[in-house]
């Protein structure tokens, strides 16, 4: 297939080998082409010359192995003129082809065009496309990935809102307006005495007595009062079940099933997105092996037009290369450490890790305490009378969480410097600690709430025995959880706004107008992508946990993230400079989706626990009177025809679930074994390739 | 009836007021040969025309051989700040000197667009970084690349060190310079290459 001339005349040389001189076969070959011959078979070879006449100086790197007839011409590796000639010849050949072949060709081409056109028109439907392109042009792909991520979450929240709104909120509103409620009757508890029911039932969020002037604002900010009696919170929904002619709608069932659906939808959507990133990171080698080449060849963003940004990019590349060279030095010194020094460093690391995790533990304890105390103090009279105090006490958990997430990472950054890790490990450790702090602090808040609601899991305690939950404090505990999530969301939003308005803008103004040394050294605000992404992951986890208890939360989250998008874009263009250390978007994309999946998994725990274990409030909500929220499903299944009931009964029973579980495990192990064997195969092939090349060099040297 | 020129077509959006000789076919051909749509090709032609209104014809039916010199192309806003602008234009020019015809112009932006596949981009990237056009990226090519990337603020020994490291990482056959195979292998492992090696027009 390839004829080789020149020095290398022994044996077969790989077409992409080094320094081979190839023979060029002219375009005449195409004229002799008969039906069905691919370009490859026509011997489309490349000629490379070192220097030569004007025409031959242009090199043709013909990638024979992929020059298929089926490949579109635009992917051929030849100058435009050649491509046009090929196209003309293809047209002529097409005219010569008869019947089936030409029809097939035509269909293939028109399908390709159709696909191109649809993907092009789909691009116009993309929201904020021009913004993202603008950001990419000015600041590069790293920062653009943050906004890309934000847009993905906005879309996901919006879709969740559509689901929730369509299946839960709107039917409830409709049934309420049409007064179709209470067909399934009021609470029917069979396991409590009549007198006890009244204690569980006394749910009245309307304040008694004096209505103060600030009640409205307080209610909006805390989610209490009139807000509790809106479709915002779980407590307002009724257990209506409409059974008109031919139309059957069971609100509790819809509520439960919609929750499961949007959780599954989010999971599937994110898994699909992360698979793309995962594929890339599998193929990619260990970054230590390609560090410098990536910096030299893959770093420069050809999209950038702004000279200021280009200057910054050059400085950042310079900085990174210098850091890398320093790292090399440091690694060399590390390797030369003595045993005593090494032992010293390990001890230091253990001590510092101990400090870090004890700080984190202290933060968790503070959050736990803050949550319990805030629940207690809100009942007290002296707190209720004072606007500021009540607000502070109500928002105490949020304030403590945000403060911990603000202060502790700064301490981590300082401490990690002493641990003498290499740069990449420093980043990884800090990131891991921040993620751990954020997600588990949320878990602590929920744990504290659970403790209060279920009296520490002990149903037989004094407060919990009558209703199955702590009805002293919580007449409607689901709404209370919803309120806490609502408050967290609002506070997070306010924090972002306050930081942008009161920190970024004044800082920029100071730097512009005041030329004293310390301020200039402080410098412009850096747009830090990892922190920003962790923030929005945290917000999204809060939303997922809260949606079951506060169905309108996805809508609020959509609005919140949209506003944050615009505000961050504004602050990016007015105040920020790109970070000195480039954010490698491709590898991080997959990593952040992974963390988001972790957040989703975390959010399942409280929701599923509430659905399966805790007794729903007797006085409010669509599940009042049931033993558990999940009970809706078995009750509904019982109303199905016999065959369906038996089918569902079988699926739910152990006889089905356990074999299914075993089967899934087996499948998973099989896939893992398959993938590891593929990995081994890839490594073997790489070794073979290396060996081939060394062999040809040796042969070369012998001659 | 006046013949259809590019301006008739895209300004009016309709063709009944002009005659369509071969020009439509010209753009149709181009559409299959590039990653651009017809509208984008027409827009590219407008940009090409702007660079030298007195040289670039509006009617491309007869496929005129008009080449714009290097100096005009590298002053385009998309390229003017790029440290590799001369090399980019030279890599896509037929004569290797940087004089682009409209074919080459479209080709250049087509390969540099985000829709071109990795293999195609790798080939042209290799051409761009090969400053002395000897089909190898040798140490001097790397040094020039590095200096362009860092505003020449790295010291000479640091430059040498980085170049040595790059060759060490990428050179598979041990000849001390990178052939296309080494370059392509390295690019396939560089995750950001596809997203950074593109110019938006």
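Cβ atoms are placed via backbone N, Cα and C, with glycine included.
Source: prediction; values computed, not measured.
Note on TrEMBL: of A:211-233, A:280-302, A:303-325, the range annotated with the feature transmembrane segment is A:211-233.
When the ranges A:346-371, A:424-449, A:450-475 are checked against TrEMBL, the one recorded as transmembrane segment is A:346-371.
Listed ranges A:565-589, A:590-614; the one TrEMBL annotates as transmembrane segment is A:590-614. Here the transmembrane segment (A:391-418) has Cβ contacts under 8 Å with residues 218, 221-222, 348, 352, 355-356, 359-360, 363, 366-367, 370-371, 373-374, 377-378, 383, 426, 429-430, 433-434, 437-438, 441-442, 445, 448, 484, 487-488, 491-492, 495, 531, 538 of the same chain, all six or more residues outside its ends.
Helix first, then strand, then coil: DSSP counts for the domain 'TMC' (A:476-586) stand at 87 helix, 6 strand, 18 coil. If you take every residue in the domain 'TMC' (A:476-586) and average the pLDDT, you get 85. Among A:149-170, A:211-233, A:253-272, A:346-371, A:253-272 has the largest number of CB pairs under 8 A with the transmembrane segment (A:590-614). The transmembrane segment (A:485-503) makes no contact with the transmembrane segment (A:149-170): fewer than 3 of their CB pairs lie within 8 A, with pairs spaced 6 or more apart in sequence.
Sequence-distant neighbours of the transmembrane segment (A:253-272) (same chain, 6+ residues past either end, Cβ-Cβ under 8 Å): 156, 159-160, 163-164, 167-168, 171, 237, 544, 547-548, 593, 596-597, 600, 604, 607, 611, 622-623, 629-630, 632-633, 636.
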